[in-house]
Amino acid sequence: MALLVEKTTSGREYKVKDMSQADFGRLEIELAEVEMPGLMASRAEFGPSQPVKGAKITCSLHMTIQTAFLIETLTALGAEVRWCSCNIFSTQDHAAAAIARDSAAVFAWKGETLQEYWWCTERALDWGPGGGPDLIVDDGGDATLLIHEGVKAEEEFAKNGTVPDPTSTDNVEFQLVLTIIKESLKTDPLRYTKMKERLVGVSEETTTGVKKLYQMPANGSLLFLPINVNDSVTKSKFDNLYGCRHSLPDGLMRATDVMIAGKVALVAGYGDVGKGCAAAMKQAGARVIVTEIDPICALQATMEGLQVLFLEDVVSEVDIFVTTTGNKDIIMVDHMRKMKNNAIVCNIGHFDNEIDMHGLETFPGVKRITIKPQTDRWVFPDTNSGIIVLAEGRLMNLGCATGHPSFVMSCSFTNQVIAQLELWNERSSGKYEKKVYVLPKHLDEKVAALHLGKFGAKLTKLTKDQADYIYVPVEGPYKPAHYRY
């Protein structure tokens, strides 16, 4: 593939769409600063001691204004950073340009092909002859996946000389992963093994990536220590819930200018993301239907006044479909053919397999009309009616808008900073086994406390007698690990 790494005048590598947007990106990064108190507090607390000085951190996470602030927090604490996006549509090009010019190696642009996406991931992991990164910040697990698959292939190659066969799978993305590894074996048959040996650990941002990590210790395939950032309360109950409540209608209105009030909206899944999406649609005046497999989540939905029904029973009545499940094959092409004309179909789960895009793209005679980037009308030949699909079935809030606002991302990214510090500081202590960990409750409460001042909130203080009465320390933590917020 004819992509070339470029370099700044200082020698830092990058590949972005347009470096002339760097000044614009810098202005928006400065604007975000006021809305990210947790990251600012992290810089103030840890900056003087440079706790990750010398650490090489590879990050696979949406390249946005908000993540730009995370990058510059990590570099302010002493780290070197190489960055790629975890989604082909989510990069904000002005943010990428500003960071590439000023702070870190960036390989990301909006509208990457899948081949370009995996090239960027490979570049972010490439730290030269010294091996790979010391730490990874991952979102969805793609950087983690590439290393694990690379090590597996290198072990097979060393044992019996076999190389990966990209034609062995029908999954287009996995074909590209196997192709990268196959080419790597020609130049360095121990490339990913050396990465594994250097790596301290990974902090994983999202539900989908965390699910993958929890499977690995059971089958013995986990190669390095992971911290599950997603299940910190100050991530999942804020980013996933309130972030989606903000960014779903933003993406819908930017992409389609649709009036949500009076429409029928279906939200597939009623976890934290689904709850935020359903609340957004209800608050905007839509009648909301939920599909759900879990009876507890379904009961929660009914208590919020929502209907819980089968997709098949209402598919022809719904105006707006939103998938939030993290699963696959939720809305299939047969469902789409039964939808009303110009029904909107979108996804806010991490990957693009909740909506059957392959079935839609290969449906005989279907016609794709691109209205604007990431907004396509697909017309079926037998009915001459169509549906509107956003962001090609990928994350619509980042593909069609700018994702979650800075404040709620400050909560998530403060957890990421703390997780990276914990991994690095405890790298030789033997504190952690090779299994998935969640940050302790007192750190979760600390992240929340750092964000209260922005709203002028004041915390009531327990007396010693009160604390003893409910069996908690005066300074917290105030809830047990199993408490459900």
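Counting begins at 1 with the first residue displayed.
Cβ atoms here come from the backbone N, Cα and C positions, even for glycine.
Listed in Swiss-Prot:
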BINDING   Thr64, Asp139, Glu205, Lys235, Asp239  substrate binding site
BINDING   206-208, Asn240, 269-274, Glu292, Asn327, 348-350, Asn397  NAD(+) binding site
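Features per Swiss-Prot, on structure.
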{"residue": "Thr64", "record": "substrate binding site", "CB count, 10 Å": "24"}
{"residue": "Asp139", "record": "substrate binding site", "CB count, 10 Å": "26"}
{"residue": "Glu205", "record": "substrate binding site", "CB count, 10 Å": "30"}
{"residue": "Thr208", "record": "NAD(+) binding site", "CB count, 10 Å": "17"}
{"residue": "Lys235", "record": "substrate binding site", "CB count, 10 Å": "28"}
{"residue": "Asp239", "record": "substrate binding site", "CB count, 10 Å": "26"}
{"residue": "Gly269", "record": "NAD(+) binding site", "CB count, 10 Å": "26"}
{"residue": "Val273", "record": "NAD(+) binding site", "CB count, 10 Å": "28"}
{"residue": "Ile348", "record": "NAD(+) binding site", "CB count, 10 Å": "30"}
{"residue": "His350", "record": "NAD(+) binding site", "CB count, 10 Å": "23"}
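Around Glu292 (NAD(+) binding site), the C-beta neighbours below 8 angstroms that are at least 6 residues distant in the chain are Gly269, Tyr270, Gly274, Ala298, Ala301, Val308.
Of all the binding-site residues in the record (Thr64, Asp139, Lys235, Asp239), the one with the smallest CA separation from Thr206 (NAD(+) binding site) is Asp139. When the alpha carbons of Asp139 (substrate binding site) and His350 (NAD(+) binding site) are compared, the span between them is 9 angstrom. Per-site Cβ counts within 10 Å over the binding-site residues Thr206, Gly271 peak at Thr206.
Taking only the Cα positions, the spacing between Lys235 (substrate binding site) and Ile348 (NAD(+) binding site) is 16 angstrom. For the pair formed by Ile348 (NAD(+) binding site) and Thr64 (substrate binding site), distance between Cα atoms is given as 17 Å, rounded to the nearest Å.
Secondary structure at Asp239 (substrate binding site), as computed by DSSP, is helix.
Each residue contributes its Cα atom, and for Val273 (NAD(+) binding site) and Asp239 (substrate binding site) those atoms are 9 Å apart.
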